[in-house]
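Listed features, source TrEMBL:
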COMPBIAS  592-604  compositional bias 'Basic and acidic residues'
COMPBIAS  610-620  compositional bias 'Gly residues'
REGION    587-620  region 'Disordered'
TRANSMEM  12-31  transmembrane segment
TRANSMEM  38-59  transmembrane segment
TRANSMEM  95-119  transmembrane segment
TRANSMEM  140-162  transmembrane segment
TRANSMEM  191-218  transmembrane segment
TRANSMEM  313-334  transmembrane segment
TRANSMEM  377-407  transmembrane segment
TRANSMEM  419-439  transmembrane segment
TRANSMEM  509-534  transmembrane segment
Amino acid sequence: MPLIQTSLTWVTYAVCLAILALVAAIFVYTYQKPGERTIVVTLVAVFTVFSLLATLLLLPVDIALTSSTTDRKLGAKKEWATPNAVDDIVYQLKIVYYALYSLDAVLCLLVVPFTYFWYEERDEVAADDGTQTMAGRLWGAFKYTIAFMLLCVILFLVGFFIPVAKKARDDHKDLDFFKDLRHKTVYGERALTFSIGILITIGTVLYCLYTAPGLALLPLALIKTAPRISAPQLHATTASQLAQNRERQRQLELRNEGRESGLEGRDRRELESLVREERTLVRRERLASEREGTGRNFFVRVGMKLEALFRPITLLAGLFLLLISITVFASMLITMIDKLKNSVCGISCGYLLAHTRIFQPLNYILTLTSRIFPIDYILFLLLTLLFFASSVVGIATIGIRFLWITLFSIRPGKTTPNAMLMATVLLTLMALALNYSLAMVAAPQYATFGSQTFCDRPSHHPDQQPNCTEHLSRIRACSERAENPVAIMVCTPSVGSTFLNRIMVNFPFLGVFNFFAQFAFLGIFLIVFVVMLFRVPQLDEAAEDDDDREAEEEGLLASTGRRFGATWQDLTGQAKGVKRAQEYGAMGRGGEAADRGTADHGEEAPVGSTEGGAGRDSNW
């Protein structure tokens, strides 16, 4: 039975890994710029995102395996769960944890930077001339990566020799929980925990700056995606306005035809205003054509129709995610207050608290569902993907910046390879911080002991478990505060929580920083959430030279007003209630110009030319 249960747990994790690999591939493929994809950058980015997600999703497996050793109803170890069997489970989990954490660190600090410099070393002209060889390109990338190698060595050496704090463990040495955190902390493990702790701390800063805004923005962005005006309606209206504009330009030219002094001042100003408006209308018409699928293949057009069909479902999904985001916010805030009030060691251990004293909804739901695996695994998977998607939305909205300077923009289908690699590093650091936040703040009881219980009665012999068959009221949830020796015999904390607690207890300055940074996370979430209630999310606000185009797209195609009539028109491809150009007298050259304006995608004739219905200045 234990072998079957353990095998099923690992099989579930393997299935989850397949899903995570698909998620990583879709993310990278969606955001990469199609014309600049390279196989090396794509593979490194996909594998790095897959690795960080696999690290996050190992915790439910850890909880399931450690909780399987305990009979929850009796508060006792199962017959097969001998000390050697439990040690074997813990040892297997340690190997997987340390392998994944080490892999994340190597990818973040060595592999991704090397790939970044390797891409930057590319010189197409030199490669065509034969002056740049593959060996030269690899050597150029390696030279820049040496700095990161030195950083890894420094981190490891500092972690190897830095003394660990003893105050928390000495003050509470009567508690077996702290004895376990102190037990077997060898130098190699200390170096790894310190290095991962530093990366978690760096990631926490990014986690507050990107994930917090993204968590507030994601549900509101889904709620506000339905357009106020449909693409066919926008295209027909814009075409009519464009025809009127060009007809008016033609009238001004005809009225001033033959004048030696040229246009009058008033007419010239009006013509310049019409030219500017024409450019806006041509761009708007092109956007509407793109949203209609003009010039796209059959599958893209079908996808657009399906997108319009599922807009009501997107609205409901946004409302559901909004409810989840508020629940997560409330749960984290409750835990932070609980830690400040009830932590057994306070600031000396980073406010460690495994057993919550105040009711916390997220922790309660996960602990309750952990009794039936894999329900809690599915919920934790969805929660992890929510935070991951929030991190991506945060990066896409804010961009990769140094202070106020935007270095890279992350947008679907517009992300360059070097920007994708940079975003991958940020996501890896944020994932490490998210690992701490989920385990220590969002659901600490679930992440530490799961649904494990113990019988809080005296034991007649040191190695004998008490019997609570007739004393069910004495069954208690496992806690780090338990003073009964039976608790350490029955309760097995998860390997992941032990690893994180060891970082925070041995290096309390890291624990204190990461703890109080959670308040910054909650504060940023609250500010962005309140602001975004009254503003339209602009996920594509910075892009090359077409800021105006994106502003129009956000304002016209993604405004907060929602009309289900627009959804129906997008499905049918027909606009209603649009006045045609003929009703305004836009005949002849004006109509031809409108057709031409659509065909040439907004390209305008030079000034002074009468082609296109307007004489234009050299400045245009």
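Positions of Cβ are set from backbone N, Cα and C atoms, glycine also.
All TrEMBL annotations are machine predictions without curation.
The structure displayed is predicted, hence computed values, not measured ones.
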Have the transmembrane segment (313-334) and the transmembrane segment (38-59) got at least three CB pairs under 8 Å, pairs 6 or more apart in sequence? no
Between the transmembrane segment (191-218) and the stretches 12-31, 38-59, 140-162, 509-534, work out which stretch tops the count of Cβ pairs under 8 Å. 509-534
Counting a contact as 3 or more Cβ pairs under 8 Å, with residues at least 6 apart in sequence, do the transmembrane segment (38-59) and the transmembrane segment (377-407) touch? yes
Using Cβ distances below 8 Å and needing 3 or more such pairs, separated by at least 6 in sequence, tell me whether the transmembrane segment (12-31) contacts the transmembrane segment (509-534). no
Do any residues, 6 or more residues outside the transmembrane segment (377-407), come within under 8 Å Cβ-to-Cβ of it, and if so which ones? 12, 16, 19, 23, 27, 53, 56-57, 59-61, 64, 207, 209-215, 217-218, 221, 321, 324-325, 328, 365-366, 369, 419, 422-423, 426-427, 430-431, 434, 438, 442, 537-539, 541-542
Cβ under 8 Å to the transmembrane segment (95-119), counting only same-chain residues 6 or more beyond its ends: which ones? 38, 40-41, 44, 47-48, 51-52, 54-55, 58, 62, 137-138, 140-142, 144-145, 148-149, 151-152, 192, 195-196, 199, 417-418, 421-422, 424-425, 428-429, 431-432, 495-496, 499
